[in-house]
Amino acid sequence: MEIVGSRRKNSSFSSADDAAVVSTIPLYRSAPELEVRLDDFELYAIHRLRVLKGISDGLSRGKKPNEMENLTKELWKVNMRNSEASEVANKDIISHYVLRLVYCREEELRKWFLSMETTLFRYRFQLETTDAQRALLKEFDLPYKAVSNAEYESVKEKLNQVVRSIGQPLSSADTIYYKVPFEQVPDLVATRRVFIFKGYAYVAMNQVVSLLMTQYRSHLSKALVLTNRKWTSMILEQEKDRLTPIVEALSTSYLGPDYSQPREYGEISLKDIDQVAKSSFPLCMRHLFEKLREDHHLKHGGRMQLGLFLKGVGLKLDDALAFWKAEFSRKVGAERFDKEYAYGIRHNYGKEGKRTDYTPYSCQKIISSTPGVGDHHGCPYRHFSEENLRAALDKMGVGNRAVQDVMDKVRNRHYQLACTLTFEAIHGASCDAGINHPNQYYNDSKNILESRVRATRMVDTLMYAEV
Ligand code: SF4
């Protein structure tokens, strides 16, 4: 693998004085020859994933372009920094290639990665200095020429009309235009931000990023398909003991806090559990909880999803055994429960088998599960029919208008955002970080509800003191 630096070919986009300027954005055209420690292999990928996930959340929350630019800058600064400058560049390249492996394996993963990496490229490009932007333009080596003075004068009025209609201030660089086939700049055409004449779009210097995004996306899209072929034909088997488990875990990895131990709210008692389920469980857990109460049984996937969640919210092992036994006994009898099901519960608490203290499932893991017939686990925003989801939201007390917003997010496959909107509608409070984990939903909900109880108590005390 080889790191691609800035090449200085004579290009239509070059200028005489940019010879010494190098862009900090690599084009990832060929993989670098670098040695990477296994720890860094995973860690760098997780850091880049945080950037891409942050961008994805920003986009789905409808952030404006200038807000996205600031968000990208911040995400990059927080996650991709390194004390040594040369390591920053290596980390950038290594993390990109590791995530290519992770996200090349399925159509849906490829689409997401392609879209987030292209958006990341866009904002990184916009944050570069003009000279660095020109240097990068040169690297693309595009076959388009700047419009000549004579041609510019002949279409100047039309070009200015477009500039005025999009309310963009003119700078000296805006008088440099490139003439490109209009299909090369689909986003400019779709938003009517470009003058088109005889099949050519006149792209201003400050819009050139759209052209580069098309090129970048097309190159990355092809590269992902090739990587997938290599992955399935060679790497998967060759690396089955070393890289394959890391790569497979990364696509569903949860990047937030560890909820394996209840920290914030200590224990949850059996006598409160029904009331707490109603007020503070996310829909996925509420649904499992209600099904368990109704059917006195849950299949393996449901037992794992709900059981680990309950452990994370503070249900002690003895209470967990009593809770599951009370339900299952009504269906299969106490003896069979002790023989067949109690082991699994103790196992989740690290008291059997490998004695691992298992972690509650994250949203990503739940969303990517595939419940079969008779299963009740999974994420309702992803796995329920529209009709069932509407009914469940209605039962939770989500108003009509909020239900519409939730359904919009579901249609666009933003399941965690749909859950965030539900949380906000029910609690009447915003959840800026978004929902990433059912146990985070629970903690945030308890935070809000308990602070309200404290505030009410304080008001009562003050009133009592005045009387
Ligand atoms: S988004 Fe997460 S917390 Fe919400 S219902 Fe789905 S899996 Fe549960």
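Placement of Cβ uses the backbone N, Cα and C atoms for every residue, glycine included.
Summarising the annotation, TrEMBL assigns [4Fe-4S] cluster binding site to Cys284, Cys363, Cys379, Cys419. In the three-state DSSP scheme, Cys284 ([4Fe-4S] cluster binding site) is classed as helix.
Taken from TrEMBL, the feature domain 'DNA primase large subunit C-terminal' applies to 274-442.
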Within its own chain, what residues at least 6 apart in sequence put their Cβ under 8 Å from the Cβ of Cys284 ([4Fe-4S] cluster binding site), listed in sequence order?
Gln305, Ile366, His377, Gly378, Cys379, Pro380, Pro438
Mean pLDDT over the domain 'DNA primase large subunit C-terminal' (274-442): what is the value?
93
Using DSSP reduced to three states, classify Cys379 ([4Fe-4S] cluster binding site) as helix, strand or coil.
coil
